[in-house]
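Let me begin by presenting the structure, written as C-alpha cells, before commenting on it.
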Amino acid sequence: MTVAAPRRARFPLLRALRRQPLAAVPIAFLLLVVVASVFARQLAPYAPDAFDLPNRLSGPTARHLLGADELGRDVLSRLLYGGVRALVGILEAVLTATVVAVPLGILAGYLGGTFDRVVSWLTDLVLAIPAIILVLVVLTVFPGNSHAAMIAFGLLVAPGFARVVRGVTLPLREADFVSAARVAGVSEARIMTRHILPGVTRTAIVQASLVAANSLLFAVALGFLGLTATPGEAEWGQIVAGAAQQISVQPWLLVPSGGLIALMALALVLFGNALRDAAADLGASAEPPAVTTEPPATPNTARPQAPDALFSVRNLTVAFSQRGRDTVIVDGVSFDVHAGETVGLVGESGAGKSVTALAALRLLARGGRITAGQVLFEGRDLVPLDDRTFDTLRGSALGLISQEPLSSLDPAFTIGSQLGELVRLHDRVRGHANRERCAELLRLVQLREPERVLRSYPHELSGGMAQRVAIALALAGRPQLLVADEPTTALDVTVQKEILALLRQLQRDTGMAVLIVTHNLGVVADICDRVIVLYAGQVFEDAEVYALFDRPLNPYTLGLMGANPANARPGQPLTVIPGRVPPPGTWPAHCRFSPRCAYVQDRCLAAPVPLVEVAAQHDSRCVRAAEFAVVNPTTVTGRDAALTAQEVP
Ligand SMILES: Nc1ncnc2c1ncn2[C@@H]1O[C@H](COP(=O)(O)OP(=O)(O)OP(=O)(O)O)[C@@H](O)[C@H]1O
C-alpha cells in the first residue's frame, strides 16, 4: 500500500477564489480603493480643502479630473482623503460583528439547549429594532463619534450573522469527525475552536463581506445626515450631501461620489458571492439528520446484567423529539459486552442499531435522548454522569470508528496533526515522542510508510487507509471498548476483509472489547463472539455466534439468514422477509414482527412478547422460540455459509 505524494492544499479558499470567473474584477477594484485611500496624501493632486473658486462646479477637466465642488475643491482629492475613514468604519463594523457573531453562533449551535434559546431570543429582539434608532441613541451618548456608531452597527448586525453561523454549526456538530473527537476525549472548547471554527470560517467570510457592504452604506448615510461628520468635511457621506445640494446646477457632481460608493458596495457583494461560490467548490456542509415523530413504547424484560461484563446496556430506551412529540426509537434494549469480546448488533436498516450504539457513547443527534435505562461501564452507570466526567471516560475507555472513514477525519488538518492532538491529550507528550507514538499507532493499524501518512491530508488517502487511520485515532487513548459503526460498509470487499482481519488482530493484541454495528451477517460470522439481533427498536435474539447460526431461535433471525445469498440454493429463489420494518411510531403493541412473520399465530397478536432465555445464554423474543429450540425448521447452513460475507437486505 502506498501513499500519494502529499501535496499540501494551502489556502484552499484563495485557490478556489482564483478559479471564480467573477472574482478578479471586484477584488482588483477593492484593492485599488484601499491602496488609493491609504496613499491619499501622495496620490491626491490637491489638499481636500484647497479652494479653487474660479473653477467651482467645473465638471471633469484636466485640472480637476473628477470635477470641482461648489467651493472649487477637487472632488478626486476629497474622495481619496475620505477613503480611509470609510474603510476604517467598514473595518470596525465588520470586526465587531465577526468577533461577536462567530463565537456566539458556534456556542449556540454547538451547546444548544438554554444557551441557544437565550441567543435566539436576543437575536429576535435585536432584529426587531431598526438599527438606525439604536445608533441614534449611541450618537446621543457619543455625539459625532463615527467609531462608536460603526461599532454599534456591528453589534446590531451580529445577531443575524450569528444565526447564520449557528445554522452551519448544527450539522457540523453531528459530523463524524466531531463525534470521533468527542469520543476520543477532546474537550468541548477544543472541538469548537479546532473542528467547528474552521468549518464555519468560509460562511463567516461571506457573511462578513455582506456586513461590509451594508456598513459602507450605513456609514455614508450617517455622514450624509451630518451625524458623524461636520458639513463640508472630506467624508464620503458629506461629499454626496454637498453634491446633492448642487444637483440642479451641476448634476455631474453626484456621479463620482455616488458612483464610487455604489461600485464599492457592488464590489463587496460580488466579492462575497465569489467567496461563497469558492467555498461551495470546496465542499458543502453535511445535511442535518432526518427526524421522525409519533410515540409508542412497550414493556421489556431483560436478563440480569452479567456481573463480570465490561460494558452493559440495560433496558435502554431512546426517543427523538420533534415539535414537542417523542418517538421511541430504541425500546428497552439490553446486552452485555465482556472484556476481549466482540459483540455484533445486527438487523435491517432502521432497526435502531446505530442509535443504540451512539446513545451509549452519548453521541445522539440533536433531539435524541435516553429516556430510560442504564449504560454501565465496569459496573458504573454512565447515564447520570455530567458531561465533564463522561468526557474523561470517552477516549480512554471508549473508542469509536464510524461507517465513513473519511468523514471521521477533519479535512482541514493532516493526519499527523489530528493524531498528534490525541496523543498529546492522552499521553501528554509533544515533539519527537509524540511523533513516535503517532507512527507507532499507524504501524499498529498496519499502515506502511507512517511518516508519509502523517504528512498527508485525509483526501490523499484511499478508503481502506482512511479507515485504518480512523482506527488509529480511536486507539490513541487505548480504549477498553471500541464501538465500530458499520466499519466496512463504505469499503470494497477486499478492503473489508483486510479491515476485519485488522480488527481481529488488534483485539488479540490489545485485549479490547469490540461492539460492532453491521448489516452484514458475514461480518458477524467472521469476527463476532456474540450477536444481538435488533428489530424495530427491540432485541429479538441474543446468542453466542455459533448458537445463533446453528440454531436460530427467532423467525426474524431465520428470515435474515434465509435472505442471505450465502444460503441460497442453486436454481432456487432467495427467501425474502415480506414487507418492511415498520417505522418508529407505528409499531404494534403485540409482536412487532408479526405482520411479516411466516410463523405467526393468534397468541403473537395478543400481547407484547417478552425476551426470554430459551437456551443457555440464548434469548429470543418469540412465543414459539421453544419450538425452534427443538426442531430447527430452516435451510440455514450455519456460520460457515454466512462467512461468505453477504448483506442483510
Ligand atoms: N436524528 C434522528 N432523528 C429522528 N429519528 C432518527 C434519527 N436518527 C435515526 N433516527 C431513526 O431511528 C431509527 C433507527 O435508526 P438507526 O440509524 O439506529 O438504524 P440502523 O438500524 O442503524 O439502520 P442503518 O443501518 O440504516 O443505519 C430509524 O427509523 C431512523 O429514522
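Placement of Cβ uses the backbone N, Cα and C atoms for every residue, glycine included.
Looking at 22-47, 204-229, the range tied to transmembrane segment in TrEMBL is 204-229. Recorded stretches compared: 86-111, 118-142, 148-165, 249-271; the one with the most Cβ pairs under 8 Å to the transmembrane segment (204-229) is 86-111. The average per-residue pLDDT of the prediction over the domain 'ABC transporter' (313-561) is 87, rounded to a whole number.
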